Amino acid sequence: MAAAAGDRASSSGFPGAAAASPEAGGGGGGGGALQGSGAPAAGAAGLLREPGSAGRERADWRRRQLRKVRSVELDQLPEQPLFLAAASPPCPSTSPSPEPADAAAGASRFQPAAGPPPPGAASRCGSHSAELAAARDSGARSPAGAEPPSAAAPSGREMENKETLKGLHKMEDRPEERMIREKLKATCMPAWKHEWLERRNRRGPVVVKPIPIKGDGSEVNNLAAEPQGEGQAGSAAPAPKGRRSPSPGSSPSGRSVKPESPGVRRKRVSPVPFQSGRITPPRRAPSPDGFSPYSPEETSRRVNKVMRARLYLLQQIGPNSFLIGGDSPDNKYRVFIGPQNCSCGRGAFCIHLLFVMLRVFQLEPSDPMLWRKTLKNFEVESLFQKYHSRRSSRIKAPSRNTIQKFVSRMSNSHTLSSSSTSTSSSENSIKDEEEQMCPICLLGMLDEESLTVCEDGCRNKLHHHCMSIWAEECRRNREPLICPLCRSKWRSHDFYSHELSSPVESPASLRAVQQPSSPQQPVAGSQRRNQESSFNLTHFGTQQIPSAYKDLAEPWIQVFGMELVGCLFSRNWNVREMALRRLSHDVSGALLLANGESTGNSGGGSGGSLSAGAASGSSQPSISGDVVEACCSVLSIVCADPVYKVYVAALKTLRAMLVYTPCHSLAERIKLQRLLRPVVDTILVKCADANSRTSQLSISTVLELCKGQAGELAVGREILKAGSIGVGGVDYVLSCILGNQAESNNWQELLGRLCLIDRLLLEFPAEFYPHIVSTDVSQAEPVEIRYKKLLSLLTFALQSIDNSHSMVGKLSRRIYLSSARMVTAVPAVFSKLVTMLNASGSTHFTRMRRRLMAIADEVEIAEVIQLGVEDTVDGHQDSLQAVAPTSCLENSSLEHTVHREKTGKGLSATRLSASSEDISDRLAGVSVGLPSSTTTEQPKPAVQTKGRPHSQCLNSSPLSHAQLMFPAPSAPCSSAPSVPDISKHRPQAFVPCKIPSASPQTQRKFSLQFQRNCSEHRDSDQLSPVFTQSRPPPSSNIHRPKPSRPVPGSTSKLGDATKSSMTLDLGSASRCDDSFGGGGNSGNAVIPSDETVFTPVEDKCRLDVNTELNSSIEDLLEASMPSSDTTVTFKSEVAVLSPEKAENDDTYKDDVNHNQKCKEKMEAEEEEALAIAMAMSASQDALPIVPQLQVENGEDIIIIQQDTPETLPGHTKAKQPYREDAEWLKGQQIGLGAFSSCYQAQDVGTGTLMAVKQVTYVRNTSSEQEEVVEALREEIRMMGHLNHPNIIRMLGATCEKSNYNLFIEWMAGGSVAHLLSKYGAFKESVVINYTEQLLRGLSYLHENQIIHRDVKGANLLIDSTGQRLRIADFGAAARLASKGTGAGEFQGQLLGTIAFMAPEVLRGQQYGRSCDVWSVGCAIIEMACAKPPWNAEKHSNHLALIFKIASATTAPSIPSHLSPGLRDVAVRCLELQPQDRPPSRELLKHPVFRTTW
């Protein structure tokens, strides 16, 4: 029979069915062995028996099915069915009675599913039992080996359903068999099981908890021995759904399950349906995932990192959220448990989330909840319950508190720490372990650490460092300092000195800094404590100094302390910036104090030596010398910091050091120059920084150093009567540039120096160009020295022309060519440049020489160069020997002039006149005079040059040049008194221009500047600013806007204007004029000539000569001369100008006015639109008056009726009764809340229709009742003061019996939500109208520091016309703590309808006015769709909706049918970040509201 059954299974069409089916897996007696040993023989036997025994087999099959049904109803035998086949003697294949065979077959049906047989099976039975076991092995092996997984999966799914019949065969798809199977399932399975199975099948494979097993594989024996039926056996027996059955050769522990991460335990989720006849519901499944996404090594590394991280638990800011802080008070992160995310934005499993899970919740690293992406509600609740129980257990310790209070009275803090430790050691180990953990950083506390104690409260110990961070958090929130555990007031005031104190207020900290000669520990400790009191670096902790810098930092530590120096090496740039701020404070204070003691000759501890030093005019090397030396060493390192704010802080420290450092002697200057040299070298590298702000600031810093005592970095500038001589100005900077010759492969150093050289030549031309004459002859350097300076810089640039870095080579070539163009006034110098180029052997020699000769052709000195250098050297020497006359300077209207003569071919022919057409053709962009400052720290005089013609773009086309001409008025010699008026506006520097063309912004600025200048100093019809610039050829690569060429008429006016007298320096006939002029005169000459064209430039301007050398070098870095609109300067970033030193920059104002005309026009239109909107809403109907509800001025608006008990003081007693059902009647109910109801009402005396809101204030406890009464009073008084057309108005309020009655005006149209439910979604015009009125009302509320917090359709009421909207229901409204947007007291409160609430409110974060703006966007969606946002009507669980909104990364979907304007308003309102949402007043300026007027 068994053979026949197996035969039928064999013929089913499944591959390997004889082995996979239960009958084939082990039949009765020899039949099973026969089938297990050879499938062909079994198939042959089946074919022989099939025709004659079909009817008998069908009857036997039915009997077996009925027997199985009965076996399900009764508890099955625990042990006998499993081992019946092994214990019974071998029986023949044709057994006379079917029961033993059926029992054996039934037993064999469990074996393939249960996995491999126990190892002791062969020993418990004879040889034939061993054969049966082998047969079963072969039958179980075939599905795993020969059969593919897809074929085995259906069988596994059928056998996995443990609630089905144990002996149910794997039947085929015959109709009658399928029908019987469904009936059996329906009769034997409860309804809840059906549902649970369907859910499990939809969910996919489940994770089964592995059963603990022994090495000998004895768990199968235990399963067989325990009478647990299908519950335990079924968990191990069926293979997981969709997975392959285990191979029998493997150990029992080798079941096919998903690999786990080390140490992660699995929770069993499969239920136990039948256990002792009981049916139990399924257990709740835990959250999915639970596996670490990292390798075991990476997982261990991350866990260890979290356990060492300097993070701090600041507070629980919401139901399921924490605020986590770092060492810096600005680093705060919000961690949300459940969604498992953090505000840091670093993705899943960030260090802050792991900190909460491992240290706050104290999970084990092997806990599966640690690595789950989401947690279920019950898991979150369990974590928080354990957390709160741990915290409360630390607070409730009265006996220990009592003991330690006595101890604290009798001992100092050290004794207190030891006594508390000894007391806690007597308690149980778990609590003791809890007591020894700091509640802020959640790490253990050691006796050697600095600890503090909550003296008035819970008596818990905390780290001193952690408590300082908590104190800073309290200070920033403007809250009193309390214990983070018990919330009691903190007695100690050690943590509240956070304000920065001035040097006068805290001289002790300065003296501590000034004593490096005694580095004993007590001094260092007191020094650090004093520094903490001023700048509070304590919450940054002790930072580790890298080993490579320990030797370098050792002298720093001796001067400034370990804490400050350690913070300079912090990985957090905020910490480094704060450390530099404190360093600046300490250095300036130390230098100021030392200078004050020395200059004042005061006595004291070291007064003798300081006074002696002061008498000799030198600074104190014992005090200020070490401070300056250590500070310069620090700055040479920190100035290389890549963070811009840290770099700015370093430059501020440099300025603070220099302005308080006196320098009186040459020896002090040399020492200061030596100390500053590494700092300047570091800044020079920054001059070529990729960040344009950094490069601009670096160049501006060095330029301030070049200005010497006239700049912001003047030595001893802030010291009264210092008389410092400075560090050398331009000469010192030149020594820094040329002293350390940068290696050719270090392109950053080369490029930084070249960028600075480019600016130096433009900013200080009088320092380098021999032909520029200074007015201050006594302070001016000889022209030979300037000539040597220029040649040294050009030699440096020439060395880098062939540099492999393209930008270095281009900038070098540009500097060389631009300098050559500037020295065309002195042909000898120009010839020297040509000679230097010839000797360089550059690969660019041919091209560079061609350009130099083209420049010579333009100014007509080419023949001089061709005649030879010898003919011009003598003339050049004569030119250098000439002294600028002083008489002409005294009579000149300008401070000095630059003269050049126009030379003929032999330098002998000189023309004294020229036509205006010739002048216009020969105007040059270099003819610009600019102010500067000398090396001797005096401001440089202005410069006058005469125009000269030249081609700016030296390519094949001679017309491809651009000329920039700035005309200016010429003043007669009698106008000399105007000189002080001009010079008084001037800054310290003059900026001649960069050789590439000026940017359009610069041109516009100069245009405005010269318009103003001309209007002040001349008649408006004489001159006009003219830009002369021709377009480049089409082949040029330069794409810049070019102004148009002036007409000849304007140029002739310019020539006429220059006929007045001017002063020229005509020292020698051999000196060349710019382009034309008188050549034979010597000495001073006043030449009123037509051809004399010059350009005096107002002192404050910064010019760009529009000179384009070639397209190949024109595309250079713009960083060397930034545009005026985005320029970053030392003054704007570092220096703080005092009011008396601040200068009025009218040019800047004009430029701003020019740039903002369009913006101001738009803003004016928007303000006008806003004014119209407010005016339209200003008028409203008069509010009906109810006599009994009127109160006099100064009285409380709430009127207490006579029958109300006198338990509510502060209200107005009723002069006339106004009681329900007497003076007013209550109508139908129109609203219902948790503690309030809203009704229609009528005043009996006047017939006025009203809406009355009745709120009961009676609560269970007196404290709760007081809170309710106070909230109601606040709402009523708030509404009593509001008066706006879009805010609901209140007629009055009474207190009667146990209710407050709020009488508000009747809005017959009902709420927006009511209209939407009745009439459907609004048209867009209606939505716009209502939205505008809503924004008007909110703008009024926000201006009165009120946030509504419950804006939704149900709280927006419409009048009887449908045109007026009013905001109602201020039960959730609150007054802001201040006029600021943020209000800390509102965090954690969940008020209002969830679907309309902003995400930050649901997350428990701080919120303000912007939460109402978010609700406006939600109201737009509701009015446009007639349903709330987020599909809220589909969420029956409000917690699920809260989670959805709080964890949303996108705004709710906006209806697609909205117009772009209204859609833009909704998008602006629904910005996820509160700071990105515009205020309601700004939204009223949107064009969508203006188009409807």
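Placement of Cβ uses the backbone N, Cα and C atoms for every residue, glycine included.
Going by Swiss-Prot, these are the annotated features:
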ACT_SITE  D1350  active site, proton acceptor
BINDING   I1230, G1231, L1232, G1233, A1234, F1235, S1236, S1237, C1238, K1253  ATP binding site
COMPBIAS  998-1013  compositional bias 'Polar residues'
COMPBIAS  1049-1063  compositional bias 'Polar residues'
MOD_RES   A2  N-acetylalanine
REGION    1-178  region 'Disordered'
REGION    194-300  region 'Disordered'
REGION    411-431  region 'Disordered'
REGION    506-531  region 'Disordered'
REGION    895-914  region 'Disordered'
REGION    927-957  region 'Disordered'
REGION    992-1066  region 'Disordered'
ZN_FING   333-361  zinc finger
ZN_FING   438-487  zinc finger
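On the structure: features taken from Swiss-Prot.
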| residue | record | DSSP (3 states) |
| --- | --- | --- |
| I1230 | ATP binding site | strand |
| S1236 | ATP binding site | strand |
| D1350 | active site, proton acceptor | coil |
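Outside the zinc finger (333-361) by six or more residues, the chain places 293, 302-303, 305-307, 309, 311, 313, 317-318, 320-326, 369-375, 377, 380, 383-384, 386-387, 441-443, 1403, 1405, 1443, 1446-1447 with a CB less than 8 A from a CB of the stretch. Note: the zinc finger (333-361) comprises 10 helix, 6 strand, 13 coil (DSSP; helix = H, G, I, strand = E, B). Within the same chain, the residues at least 6 positions away from C1238 (ATP binding site) whose Cβ sits under 8 Å from its Cβ are Q1229, I1230, G1231, L1232, A1251, V1252, K1253, Q1254, listed in sequence order. Counting Cβ atoms from all protein chains shown, L1232 (ATP binding site) has 9 others lying within 10 Å of its own Cβ. Mapped onto DSSP helix, strand and coil, the zinc finger (438-487) counts 13 helix, 8 strand, 29 coil. Within 10 Å of the C-beta of D1350 (active site, proton acceptor) there are 21 other C-beta atoms, taking all protein chains into account. Taking only the Cα positions, the spacing between S1236 (ATP binding site) and the residue listed as 'active site, proton acceptor' is 16 angstrom.
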